[in-house]
């Protein structure tokens, strides 16, 4: 059976370490008529290795075999991101040796890359950063696609951290300094702007979410939260709740079974007058994390 040939593409990027004068001359001699846009810059890696970093947007599709004839020692990959993104990347050390044409605006390969990112379950904010021009033009369609095909539902226990103490001791700051992307949940039903961040922060909480909703958020099973016009999967790994009051005061014990809330709390810290410490068992009206 004949070997499968790699698919051709118009947009390629390459890295060529320890380039020779002859190889540099080949890059400088590329013919303008073959490209929509091309750029190549000189760089030095973290270990001081000199290399050429290039991006070529051909007018006709090219296979890897043809590119290897051009620069045999180079590492070639199909390009991601927009032409503008690659222009910035290849010129970041301000030593450009080749520029042909102008970056192509919003090419279809960028759109295909953004769609693939949605299908892979990437956060919309990350897609917007990587494919900024595409997002400006097709953002609504990408969001609709994400809502239609859905994020992978949660299949793990969301960690719940509670931080209590008086005003001005640094509860909000402690929450904000935790590692990971963050979404600040405001009072109200809607989660507009939620993009599956690592951490959801509920600042100055005093029971303004329905008890049954809070239990579902703190659990391990699939759950959707409402955005205007639809629902999105809740997949955050951690919920951080700051409050001036203890959890037993958040909900009415006559109407809500508070042990169900407490057992979903993984960690509870309080201000002891000097620092934040784990709450001693004697202060817990119900056991946590069981």
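Glycine residues also receive a Cβ, built from the backbone N, Cα and C atoms like all the rest.
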Among ranges 18-38, 60-80, whichever one Swiss-Prot labels motif 'Nuclear localization signal': 60-80
One of 43, 87 listed by Swiss-Prot as binding divalent metal cation at the site of 51, 93: 43
43, 51, 93 excluded, remaining Cβ within 8 Å of their centroid (divalent metal cation): 41, 42, 44, 45, 50, 52, 53, 92, 95
Average pLDDT across the motif 'RCR-3' (89-92), rounded to a whole number: 93
Euclidean distance between Cα atoms of residue 43 (divalent metal cation binding site) and residue 170 (ATP binding site), Å: 44
Helix, strand and coil counts within the motif 'RCR-1' (13-16) (DSSP): 0 helix, 4 strand, 0 coil
Euclidean distance between Cα atoms of residue 93 (divalent metal cation binding site) and residue 165 (ATP binding site), Å: 49
Position of peak Cβ density within 10 Å, selected from the binding-site residues 165, 166, 168, 170: 165
